[in-house]
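According to Swiss-Prot, the ATP binding site annotation covers Lys11, Phe59, Arg87, Thr93, Arg104, Asn114. Taken from Swiss-Prot, the feature active site, pros-phosphohistidine intermediate applies to His117.
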Amino acid sequence: MAIERTFSMIKPDATRRNLTGAIIAKLEEAGLRVVASKRVWMSRREAEGFYAVHKDRPFFGELVEFMSSGPTVVQVLEGENAIAKNREVMGATNPANADEGTIRKTFALSIGENSVHGSDAPETAAEEIAYWFSGTEIVG
């Protein structure tokens, strides 16, 4: 098994409801370790940059508006197969399709306000981590 790092974000719908600790607890219970974390309130420009891959999708404007509507917690997680493990713990994007006990099934309000974001591949993990963190901010 490979020790790897992944990017994780707790979205504004969850921070507004004070769910940060409960979400981090679920991640840690799954064997993931937080090696970098900070609370940020994204500007529209930061949200547009972070989600640039979706710029041509019909939901892009709504996504940018939501992500810049309140604080988020951006994190780097580390553990065995961290990318797959984080995605498993998060659950399906649509909370209606998420397995019981997952973060999204437990906490998400809707497909748009689904509480968390996580990288889907090693390449996106590296890009997303670099978007928010310098190397000196990641402390294993």
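Cβ coordinates come from backbone N, Cα and C, glycine included.
Feature annotations (Swiss-Prot) mapped to structure.
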residue: Lys11; record: ATP binding site; DSSP class: coil
residue: Phe59; record: ATP binding site; DSSP class: coil
residue: Arg87; record: ATP binding site; DSSP class: helix
residue: Thr93; record: ATP binding site; DSSP class: coil
residue: Arg104; record: ATP binding site; DSSP class: helix
residue: Asn114; record: ATP binding site; DSSP class: coil
**Pairwise Cα distance for Arg87 (ATP binding site)/the residue listed as 'active site, pros-phosphohistidine intermediate' [Å, integer]** = 9
**Asked** For the binding-site residues Thr93, Asn114, which Cβ has the most other Cβ atoms within 10 Å, all shown protein chains included?
**Response** Asn114
**Fill in**
Other C-beta atoms within 10 angstroms of the C-beta of Arg87 (ATP binding site) total 20
**Prompt:** Just counting, how many other CB atoms are there within 10 A of the CB of Lys11 (ATP binding site)?
**Reply:** 24
**Message:** With the ATP site defined by the record as Lys11, Phe59, Arg87, Thr93, Arg104, Asn114, how many Å span the farthest pair of C-alpha atoms?
**Reply:** 22
**Close in space, distant in sequence - the residue listed as 'active site, pros-phosphohistidine intermediate', Cβ under 8 Å, 6 or more apart** = Phe7, Ser8, Met9, Lys11
**Message:** Taking only same-chain residues 6+ apart in sequence, whose CB is under 8 Å from that of Phe59 (ATP binding site), what do you get?
**Reply:** Gly112
